[in-house]
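What follows is a short report on a single structure.
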Amino acid sequence: MFVRNCWYVAGWDYDLPPGKVIARKIIGEPLALYRRQDGGVVAIEDRCCHRHAPLHLGEIEGDCIRCMYHGMKFDPSGRCVEVPGQDRVPPRAAVRSYPTVERDNWIWVWMGDAARADPELIPFSIGPGDPDWDMRPNSLLFNADYRLVIDNLLDFSHLTYVHRKTFGGDIFAYTKPEITRLERGMRIERWVRNVPALNFTQHIMQGRYDMHLDYSVLMPCVFVMRFKVFTAGTAVEGPSDGELLLDTWTCQSVVPVNAEQCVYYFSWGAPKAAGQETSNLLAKGIYQAFLEDKEMIEGQYANIKANPDARMIGIAHDAAVNQMRILMEHAIAAEKTGIAAE
Ligand code: FES
Ligand SMILES: [Fe+2]
C-alpha cells in the first residue's frame with residue numbers, strides 16, 4: 001500500500017537539532033536520524049545489526065553513531081566501523097542508510113532504491129525559512145490509513161460539513177472544481193465567487209469575496225495550494241476582477257507511519273509584508289481545521305477497519321479521489337513488478 005521510490009517528509013528541520021538523534025517510522029520502516037558535523041542529515045535503519053537494539057538510543061560520535069547497547073559504531077553510510085572488544089569488524093556488519101535532502105525546511109528521505117533517489121523529484125513547496133513568506137509549520141498524528149487523508153485533500157466538498165465551524169461555505173459541496181490529471185498526481189482549481197469569508201476570518205472580513213483555490217496533490221503525499229481572496233468582483237468566469245486582499249500558500253505532506261497511522265506536516269502563511277497577524281490567524285485556523293479532519297478521518301478509519309469488506313457507494317465528488325487512488329495503485333504495482341514508477 002506504499003509507493004517506495006519517492007521522497008517522504010521525515011520532519012521539519014527544527015525537529016532535528018545538531019547532536020540529537022530522533023526516531024521516525026515511515027512506511028513501516030524504523031529510521032534513526034541525526035546530523036553529521038557539516039549539518040547534513042543521516043537517516044539509517046533504527047535497528048542495530050547486532051541484536052536489533054534501536055539506534056535512536058545511540059550516541060553521535062563525529063559523523064558516526066554508536067549503538068548504546070553493546071557499543072558497535074556505524075558511519076553515515078550505515079557501515080559498522082568498530083566493534084568494541086574485537087579487532088575484526090564482520091564484513092556484513094551494516095545497517096541500511098537512506099538518501100536524504102533538506103529542502104524548504106523539510107527533511108526528505110528516499111525510501112526506495114537509493115540509486116534512483118533524484119532530488120529533482122522533490123515537489124515544489126515554500127518553507128518557514130522563506131525570505132518572503134511567513135509560513136507557520138505544524139504537525140499532527142492521525143490514527144488512520146494515510147490514503148484517507150489524501151482522499152480528504154482531493155475532495156473539498158467536506159469543507160462545507162467537516163469544517164463548517166472553521167472554513168464553512170455551502171459553495172464547496174454544491175459546486176465542482178476543475179480537475180486535471182498530472183504525471184504524478186492531480187491539480188484542482190476553482191473560483192468561488194461572491195461568498196462570505198471563511199468562518200475563522202469573519203471577525204475581520206465581513207463583506208463578500210471571490211476566492212481562488214489552486215492546488216496539486218503529488219504522489220505519494222504532498223499537497224501544495226495557493227489560496228487567494230479578492231473583493232467580490234463582477235466576473236462570472238475566469239479570474240476575479242476584484243481587488244486582491246489576501247494571498248497565501250499552504251504546503252502539506254501526509255506521511256504514512258505504517259498502514260494504520262500517518263503524520264500530517266503542514267504550514268500556511270501569507271507574505272511577510274501582510275504582517276504577522278495574518279499568518280497567526282491562518283496558523284490557528286488550519287490547526288483547528290485539521291483537528292476536525294482528524295476526528296472525522298479517525299472515525300472513518302475505525303469503521304473501515306472494523307468492517308473492511310463493507311461496500312462504499314460512489315458519488316460525483318469522488319472523481320479526483322478515485323483518479324489519485326488509481327494512479328497510486330499503478331505506481332505500487334509497477335514497483336512490485338520492477339517497472340519504473342515515474
Ligand atoms: S545491539 Fe547494538 S551493539 Fe549490540
Ligand atoms: Fe479537511
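Every residue, even glycine, has its Cβ placed from backbone N, Cα and C.
Bear in mind that the values here come from a model prediction, so they are computed numbers and not experimental data.
Among the features that TrEMBL reports, domain 'Rieske' is placed at 7-109. Summarised as a single figure, the pLDDT of the domain 'Rieske' (7-109) averages 98.
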Residues in the domain 'Rieske' (7-109) per DSSP class, helix first, strand next, coil last, are 6 helix, 46 strand, 51 coil
